[in-house]
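Before any comments, here is the structure.
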Amino acid sequence: MSELKIKAAKAAIAYIEDDMVIGVGTGSTVNFFIKELAAIKHKIEACVASSKATEALLRAEGIPVIDLNSVQDLPIYVDGADEVNERGEMIKGGGGALTREKIVANVATQFICIVDESKVVKRLGEFPVAVEVIPMARSFVARQIVKLGGDPEYREGFITDNGNIILDVFNLNFSTPMALEDSLNVIPGVVENGVFAKRLADKVLVASASGVNNLK
């Protein structure tokens, strides 16, 4: 599996141009992308990290990291996915960085999703949806999610970079992913959720034994 993730990471490097500021996601496939990016770090201006973990990895490779607030133009954002379909709709947030990932993805002009073939699905929903929640609202939000048909589980011992908690939600109805994304986000106490149906991936680079293909 690591070989496929490396393939996908290498394919994303082809989209990096000189003097770019690059948004960098979070997760195991992205970690391989950071390794590849380190080889051309002299060509890029800097990176915007979607998590403290990614920022630490970038700095360890000697890659400059800047704050999103200091960026007016972000040409590209590279990140993985827990699930992705052919339309570029995704479930993200297995690593708990979904809120910052969604923010950076929306700032970026182009979102490149890098995955191995196991992450490609016809219908989203087998992987649970991470929902970032203000701690005091955990029980209330969980009850509201049950009303939507979901089965929330508290992610024990995990605190997000924003100081919040995560509910992992199973068995949600993905017949209309965009409506689901909205339905979760309007619950008071919800910060963000891991359904990416509004900000789609512009390119989905899928690595398999036969090579890397763009799903879109």
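Keep in mind that glycine also has a Cβ here, set from the backbone N, Cα and C atoms.
The feature substrate binding site is assigned by Swiss-Prot to Thr26, Gly27, Ser28, Thr29, Asp79, Gly80, Ala81, Asp82, Lys92, Gly93, Gly94, Gly95, Lys119, with sequence analysis given as support. Taking a C-beta cut-off of under 8 Å and a sequence gap of six or more, Ala81 (substrate binding site) has these contacts in its own chain: Met90, Ile91, Lys92, Cys113, Val115, Lys119, Phe196, Ala201.
Taken from Swiss-Prot, the feature active site, proton acceptor applies to Glu101, supported by sequence analysis. The Cβ of Glu101 (active site, proton acceptor) has 31 other Cβ atoms within 10 Å, all protein chains considered.
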Apart from the site residues Thr26, Gly27, Ser28, Thr29, Asp79, Gly80, Ala81, Asp82, Lys92, Gly93, Gly94, Gly95, Lys119, the 8 Å Cβ neighbourhood of the substrate centroid comprises Gly25, Val30
Counting other C-beta atoms within 10 angstroms, the emptiest spot among the binding-site residues Thr26, Ser28 is Ser28
Asp79 (substrate binding site) and Glu101 (active site, proton acceptor), compared by Cα position, are separated in whole Å by 8
Cβ proximity for Gly94 (substrate binding site), under 8 A, sequence spacing 6+, ordered by residue number, returns Gly27, Asp82, Phe127, Ala130, Gly194
Reading the DSSP string in three states, the entry for Ser28 (substrate binding site) is helix
